[in-house]
Amino acid sequence: MECDKVGDLLLTSTYAIAFTGAGISTASGIPDFRGPNGLWKKYSPELATIEYFKKDPKGFWEFYRLRMRGLFTALPNRAHYALAELEKMGLIRAIITQNIDGLHQLAGSRNVIELHGNMRKCYCVNCLKTYDSDTVLDKIDKEGLPPKCECGGVIRPDVVLFGEPVYNISSALEIAREADLVLAIGSSLTVYPANMIPLTVKEMGGKLIILNAEETPLDNIADIVVRERVEEFLPCVVDYIKSQTLHRSS
């Protein structure tokens with residue numbers, strides 16, 4: 001079984017990391033971006049550009065507040081909890097994520113590097129005062145759109161919009177160069193520079209395991225490709241590792 005193979009690779013790895021995309025959160029009720037039912041099938045990606053935010057902050061927030069409310073009702077699924085458990089076991093050193101939903105942290109993962117920010121945080125573009133997103137949504141309900149800081153500046157979500165550089169890419173690539181195994185989970189692996197993370201691990205001689213519903217451009221260089229539902233597959237990996245650990249200690 002692929003589950004056993006992945007478990008064995010994790011057990012023999014000395015520095016394994018996870019790289020996650022929107023596909024890990026679909027079982028939590030959050031749509032991915034580019035899949036058959038993805039967000040960009042329903043909305044124009046232009047709504048998530050820095051140019052649109054600057055041109056029409058009110059229109060931008062009409063879209064983003066709906067997205068925020070959808071994210072805030074979501075809870076971690078079994079895949080998030082499985083990764084948190086693998087981290088507690090010492091088998092996953094870090095999670096590098098493209099996601100902005102904060103579900104890895106809610107599931108208990110501690111070393112999470114967010115490339116695209118976190119929708120649960122906001123800040124003023126003028127004075128840089130920070131806000132939690134619940135406060136901003138309350139402000140919208142009371143004062144209308146766009147939400148404004150006490151200084152008069154427009155508040156924006158602390159996420160990377162199209163047209164902006166990603167966060168933490170240098171530290172993420174540094175981790176990737178150290179890793180000897182990467183689990184690429186729920187990502188189309190088409191977005192640059194984030195897709196350099198799994199590619200870097202492979203180029204440095206590490207193993208690449210891809211868990212994704214759709215084909216990716218890196219499938220042909222992966223050591224293992226899994227098409228199963230990640231919220232079912234990852235708990236299976238955890239159970240296998242526990243059984244092996246129990247067997248070895250008895």
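Cβ atoms here come from the backbone N, Cα and C positions, even for glycine.
According to Swiss-Prot, the features are:
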DOMAIN    1-244  domain 'Deacetylase sirtuin-type'
BINDING   Ala22, Thr26, Phe33, Arg34, Gln98, Ile100, Asp101, His116, Ser187, Ser188, Asn212, Val230  NAD(+) binding site
BINDING   Phe33, Ile100, Asp101  nicotinamide binding site
ACT_SITE  His116  active site, proton acceptor
BINDING   Cys124, Cys127, Cys149, Cys151  Zn(2+) binding site
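A map of Swiss-Prot features onto the structure.
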residue: Ala22; record: NAD(+) binding site; DSSP (3 states): helix
residue: Gln98; record: NAD(+) binding site; DSSP (3 states): coil
residue: His116; record: active site, proton acceptor; DSSP (3 states): coil
residue: Cys127; record: Zn(2+) binding site; DSSP (3 states): coil
residue: Cys149; record: Zn(2+) binding site; DSSP (3 states): coil
residue: Ser187; record: NAD(+) binding site; DSSP (3 states): coil
residue: Asn212; record: NAD(+) binding site; DSSP (3 states): coil
Remark   = Keeping only the recorded positions of Ala22, His116, Cys127, Asn212 whose C-alpha lies within 10 A of that of Ile100 (nicotinamide binding site) yields Ala22, His116
Note = Cβ density check for Cys124 (Zn(2+) binding site), other Cβ within 10 Å (all protein chains) comes to 19
Task = Count the Cβ atoms, other than its own, that fall within 10 Å of the Cβ of Cys151 (Zn(2+) binding site), considering every protein chain shown.
result = 10
Remark   = For Zn(2+), residues beyond Cys124, Cys127, Cys149, Cys151 with C-beta within 8 angstroms of the site's Cβ centre include exactly Val125, Asn126, Leu128, Lys129, Lys148, Glu150, Gly152, Gly153, Ile155
Inquiry  = For a quick check of understanding: among the binding-site residues Gln98, Ser187, Asn212, which residue's Cβ has the most other Cβ atoms within 10 Å?
reply    = Ser187
Key: Pairwise CA distance, Cys124 (Zn(2+) binding site) versus Ser187 (NAD(+) binding site), rounded so that it is a whole Å   = 31
Euclidean distance between Cα atoms of the residue listed as 'active site, proton acceptor' and Asn212 (NAD(+) binding site), Å = 20
Note = Counting across all protein chains, other CB atoms within 10 angstroms of the CB of Ile100 (nicotinamide binding site) number 24
Request  = Among all chains shown, work out which of the binding-site residues Ala22, Cys127 has the most CB atoms within 10 A of its CB.
outcome  = Ala22
Inquiry  = I need the CA-to-CA distance for Ser187 (NAD(+) binding site) versus His116 (active site, proton acceptor), whole Å please.
reply    = 14
